[in-house]
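Enquirer: The following feature annotations were taken from TrEMBL:
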- 41-67: transmembrane segment (TRANSMEM)
- 73-91: transmembrane segment (TRANSMEM)
- 112-136: transmembrane segment (TRANSMEM)
- 142-163: transmembrane segment (TRANSMEM)
- 170-188: transmembrane segment (TRANSMEM)
- 203-227: transmembrane segment (TRANSMEM)
- 239-260: transmembrane segment (TRANSMEM)
- 280-298: transmembrane segment (TRANSMEM)
- 310-331: transmembrane segment (TRANSMEM)
- 337-355: transmembrane segment (TRANSMEM)
Amino acid sequence: MEEARKQPSCTTSTEAKEILPTENIKTPLQSNARWLRTYKWWFQVAIYILFLLSGQAVGTLLGRLYFDKGGNSTWLATLTLTMGFPMLLPFRFHSSLQNHNADYSRVQQPSVLVLTSIYVFLGLCTAGDSVLYSLGLKYLPVSTYSLICASQLAFNAVFAFFLNAQKLTFFIINSLVLLTISSIVLVIHNDTEDSSNNSKNKYTLGIICTVAASALYAFVLSFTELTCQKILKSKTFRVIIDLTFYESLVATLAIVVGLFASGEWKSLKSEMQDFRLGKVSYIMTILWTGISWQVFNIGCNGLIFKVSSLFSNVISVVGLPVDPVLAVVVFHDKVTAAKVVSLLLALWGFMSYAYQHYLDDLKAKAKRKCPREVTEDSITEI
């Protein structure tokens, strides 16, 4: 009996094998099916990552281009963040023809009232978040704006801890601290190069709005994940498109109300005529900015549904260093020492989170190899 007790939990002895259920023995067909499911999952995640990174980079640069070349309407810039939702109509129509999808049909769907409440709440939060982001982008250089946005990961971790039961390990906390410090470096270093085109008050306002937008954005991500887990209970492409479409629709309606209430709509015609790149470029800038951010929204919500809100935010933060690099090429932003330090801290913070993800993956693989421990009592019964 003493020798048996020394056997590891994943013992391969004849006695241990006899007490393990036969359902744990995988046939070649089951193994292939499992491999295909894993491959399909990683393929979908890769596509959503591509959508998120490309949409974020192009949308940010086009938004900065709008202000640099004569655009001055905060509400119109805000509208471009959500107005691209009509491009989702073909995808919604296609997904509606696939009602036979087993994962979707077998899940009891929430009532229309519950869904409407969720879409309206997320849409209004997105509208407010878009206004804050537009103000930040208006008063800050792209490089400074992008790096401050890294603070959204710290906010997301806090909300994920309370709303999504996210475990905060040492490496995740280390990542949050580094990303927060990377943003504080820029706030403290209010240099004259970054504020040469704007007054110090506007520069400060841009920082405050960007940080507030990051916090609200983090809350929306965590609440979306909570909605997915507790209410929608489905991770199909149809659910992702529906959520993105209706959330953007509500946000767009709210922003249009703000555009007309503020009176900025009266100056849009003259703004288009005075745009330094011409009328056609003005329209194309607005159009492609809207499309870019809608691509970003699909990627963002897709990663939330497939993985988690924190993972989606981490990928977004990974793409932030791309924006300052492109801004140096496109807008000739100056690379200061503070921006370099902030960028390095942000990358260090991401690597810390990536290492934690690596450890979690190793742990998950270990559990799959030993799906059911042989307890001491069960061995004693032999």
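Cβ from N, Cα, C; glycine included.
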Enquirer: For the transmembrane segment (73-91), which stretch among 41-67, 142-163, 239-260 has the most Cβ pairs under 8 A?
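Expert: Stretch with the highest Cβ contact count: 239-260.
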Enquirer: Is the transmembrane segment (239-260) in contact with the transmembrane segment (280-298), using three or more Cβ pairs under 8 angstroms as the rule and ignoring pairs under 6 apart in sequence?
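Expert: These two segments touch.
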Enquirer: Need a quick answer: max count of Cβ pairs under 8 Å to the transmembrane segment (112-136), which of 142-163, 239-260, 337-355 is it?
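Expert: The stretch with the most contacts is 239-260.
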